[in-house]
Every structure is written in structure tokens, then in C-alpha cells.
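For reference, TrEMBL has these:
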type	residues	note
TRANSMEM	B:6-23	transmembrane segment
TRANSMEM	B:44-61	transmembrane segment
TRANSMEM	B:73-95	transmembrane segment
TRANSMEM	B:107-126	transmembrane segment
TRANSMEM	B:138-159	transmembrane segment
Amino acid sequence: MKKYIKEYGFILLFVIFGILSYIYSFAFGIKASKTFLDMFIEMISFIPIVFVLVGLLDAWIPKKKFEKYMGPESGLKGTLLSVIFSMFQAGPLYGAFPIVYILYKKGASVKNIFIFLGCFSSLKIPMLTIETGYLGIEFTLARAIITVPLFIAIGYLMDYYLKNKDFKVTDPTESN
Amino acid sequence: MFPNIILLWIAGIAIVSISYYFDKEKTKQGVNKGIKIFKGLSSPFVNIMIIASIILVLVPPEMIEQYLGGDSGFFGVGLSAIIGSVTLIPAFIVYPIASELLKRGASYMVIATFITTLLMVGVVTYPLESKYLGKKVALIRNVLNFFAAIIIGLLIGAIM
């Protein structure tokens with residue numbers, strides 16, 4: 001019971017507020033309810049299919065296979081794989097660091113690590129799908145097309161900068 | 001907005017059907033997982049939309065246009081870049097708000113800068129990041145990404 005109140009209490013309160021606003025013609029409440037209803041309809045009209053696709057992606061893509069081919073000798077293929085591998089991820093940026101650690105352990109190059117990190121932050125397919133729904137395909141495509149070369153450039157830059165600097169990715173959960 | 005949604009559903013249903021044709025079990029598993037994620041996220045999603053709709057009604061559109069619109073120039077881009085860098089909100093929650101702001105007169109340049117910095121720069125998560133990459137490297141990554149995000153924002157603003 002307590003759990004439900006915590007999860008849905010605020011929503012219930014707002015619904016009651018909305019209904020009362022309509023009964024008593026409270027202009028602010030009516031406006032807020034209308035804005036919310038617009039946003040809610042927009043959300044419910046496409047978000048469910050996005051998450052179904054996210055689930056499917058997870059069931060089909062063998063993520064483990066990518067990790068092997070991102071080493072220093074992987075060249076263009078490694079760069080491409082870093083971009084593609086990042087696109088099949090989900091979750092916030094801080095969730096990427098543990099993955100980066102695993103990639104580092106498996107011998108991924110500095111360049112590919114930073115390309116992966118960059119593309120993870122802004123090219124994940126689930127996110128791009130939601131972005132398309134809200135801001136349109138033109139916006140999403142423009143952003144993706146501009147973003148990829150910039151992240152590849154950052155990857156090369158980091159690689160160049162860290163060349164003789166003994167760069168390590170450490171796992172904070174392991175050391176203490 | 002509308003054609004995009006229809007396109008998404010057509011593509012989505014097509015993909016689910018193809019997946020089902022090749023592997024029934026995997027498809028069921030995947031669809032169930034997706035529904036589970038959606039259920040878990042739906043109440044925080046709705047909560048944030050309630051807060052956003054209250055704020056959007058309180059803030060007059062003229063103000064949005066003045067500070068985030070096409071004429072806000074360097075101030076608007078700079079402001080949105082800084083706010084995007086220091087906030088930690090999941091991207092999927094930001095998109096509905098971004099779309100409402102666009103409808104109310106914010107410019108694509110400002111919105112794109114806000115979204116890109118939000119995605120690429122993490123001031124709040126910097127301590128965590130530096131534990132993995134080291135302080136200096138994490139700092140360099142964030143600074144490089146900050147400028148990359150502004151470049152992306154400006155270019156999108158120029159295109160759209």
C-alpha cells in the first residue's frame with residue numbers, strides 16, 4: 001500500500017486537482033491539465049512501441065561478440081564497431097564507465113574507448129527513437145550525422161594525447 | 001509529429017513480426033522485457049510531465065521566447081549549455097519538455113545545445129568518471145565534449 005502511494009500518490013493528487021479545476025473553472029488548473037494531457041497523449045502514442053523494440057534489441061544482439069574486435073589493430077573496422085556497439089546500449093552515461101572498464105580489460109584501444117564513450121552518450125538507438133518521436137526525424141538525423149565525426153575526432157585526439165602517458169581505466173569497486 | 005508516430009508504429013510492428021517469424025521464443029522474451037521496462041519507467045515519466053506542465057503554465061511564452069528563442073543568441077546558447085552540463089536528468093524525460101519548449105518559441109539552436117550538453121557532459125558524475133578514467137582525463141573528456149556539444153547545437157540551429 002505504502003509503495004503504491006509513493007509511486008502513484010502524486011499522479012492521483014494531480015488528477016483530483018484537475019477534476020476540481022474543471023468543476024470550479026479554475027483557469028490555471030485547467031491550463032495545466034490540458035498541457036499535461038497533451039504531453040501524456042503524445043507519450044502514450046509512441047513510447048510503448050519504443051520500449052518493446054528496446055526489449056527485442058536486447059534479446060537479439062549478442063553484445064559479448066563486439067568486445068573482441070575493438071583493439072589497437074582493429075583500424076577502421078574497430079572504429080565502426082565501437083560506434084555500432086555503443087548504439088545498442090541503453091541507460092545513462094555513468095552506466096557506460098563499467099562497460100569501458102571491461103572494454104579496456106579486453107584490450108580495446110584508447111581511440112575506440114573514447115569513440116564508444118562519446119557515441120554511448122548520444123547515439124543509443126532507444127534514445128534516438130524517442131528523439132525522433134518528439135523532435136522529428138530531421139532533427140535526430142542532423143544531430144547524429146554531425147555527432148559521429150566529432151566523436152571520432154575526439155577519439156583520435158585522446159589517442160594522440162595519451163600515447164606515452166600510461167593511461168589506465170581503473171575499476172573503483174575493485175580497489176577497496 | 002503525427003507522421004513520425006505512424007512511421008514508428010509501422011516500423012515497430014514490422015520489426016516485431018519479422019522477429020516473431022524467425023524466433024518466437026526470443027520475440028516473446030524481448031517484448032515482455034520491453035513492457036517491463038515501460039511499466040517501471042511510466043510513473044517517474046508521468047510525474048515529471050506533471051511538474052513540467054505546471055511550470056510551463058506558470059512561465060509565460062514571451063519569457064521562453066525572450067530567453068530561449070531565436071533572438072537570445074549567445075546568451076541563450078551559453079545558458080542552455082551550462083544548464084545541460086550541470087543537470088542529471090534521463091534523456092527520455094527531457095524530450096517531451098524540449099518538444100513543449102519548441103512549441104512555445106524556443107529555438108532549435110538552444111534546445112539542441114541543451115540536449116547535447118545534457119547527454120555528453122556530466123559535471124555531477126565527474127567524481128565517478130574520474131575514478132574510472134583518472135581526474136585529468138575525465139576533465140579533458142568533459143571539456144572536449146562541452147565544446148563539441150556547442151558546435152553540434154550551433155550547426156543544428158543553422159540547419160533547422
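Each residue, glycine too, has its Cβ placed from N, Cα and C.
Just so you know, TrEMBL annotations never went through curation; they're auto-generated.
Note that this is a predicted model, so its numbers are computed, not measured.
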Short question: which residues 6 or more past the ends of the transmembrane segment (B:73-95) have a Cβ under 8 Å from it?
41, 44-45, 48, 67, 107, 109-111, 113-119, 121-125, 142, 146, 149-150, 153-154, 157
Cβ-Cβ under 8 Å with the transmembrane segment (B:107-126): same-chain residues at least 6 beyond its ends:
68-70, 72, 76-77, 80-89, 91, 94-95, 98, 101, 138-139, 142, 145-146, 148-150, 152-154, 156-158, 160
Same-chain residues near the transmembrane segment (B:6-23), Cβ under 8 Å, at least 6 residues beyond its ends:
30-31
